[in-house]
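S.K.: Here's the feature list from TrEMBL:
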type   : residues : note
DOMAIN : 1-120    : domain 'Protein kinase'
DOMAIN : 121-166  : domain 'AGC-kinase C-terminal'
Amino acid sequence: MADFGFAKKIGYGNKTWTFCGTPKYVAPEIILNKGHDYAVDLWSIGIFMFELLTGTPPFTASDPMRTYNIILKGINAIEFPKKITRNAQSLIKMLCKENASERLGTRKGGITELQKHVWFEGFNWSGLLSRTLTAPIVPKVSSAIDISNFDRYNEDDEIPPEDLTN
């Protein structure tokens with residue numbers, strides 16, 4: 001996960017109305033300008049989980065406006081590939097509820113409710129919190145500047161434009 005340039009701290013119980021984010025990950029309340037809070041992060045986690053499991057996000061179209069229209073149809077309009085287990089589907093659908101206050105993690109049980117979801121059964125949350133979990137993949141590196149695990153790109157490839165947003 002990367003690109004936290006749009007991250008914004010807001011107080012508990014407060015909302016923001018800033019329209020920003022990668023179109024495929026934008027929650028319905030942002031599109032509808034209803035004001036939003038941390039529930040949009042839970043939505044994005046559900047979308048990210050779908051993409052990690054399938055290789056593609058659930059809501060995509062040829063342009064952002066079409067993507068937003070598909071998002072507004074809801075996660076239940078998406079056909080899940082057979083390779084996604086029932087437990088994974090359940091978690092994604094609970095994170096991507098259209099009504100932000102119904103999303104897993106926003107209800108009475110809070111984040112603890114999310115941690116207790118059956119998909120996480122057997123996961124060592126205390127190990128995660130204490131940073132003692134063993135990484136499932138540890139790349140071999142020869143030094144602190146070893147870049148052998150990164151893709152190589154031709155120097156003639158197009159260079160991204162400079163940031164002009166200031």
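One-based numbering along the chain as shown.
Cβ atoms here come from the backbone N, Cα and C positions, even for glycine.
Because the structure is a prediction, the values reported are computed rather than measured.
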S.K.: I'd like to know the mean pLDDT over the domain 'AGC-kinase C-terminal' (121-166).
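M.R.: The average pLDDT of the model in the domain 'AGC-kinase C-terminal' (121-166) works out to 84.
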S.K.: Tally of helix, strand and coil residues over the domain 'AGC-kinase C-terminal' (121-166) according to DSSP?
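M.R.: Tallying H, G and I as helix, E and B as strand, the rest coil: 5 helix, 0 strand, 41 coil.
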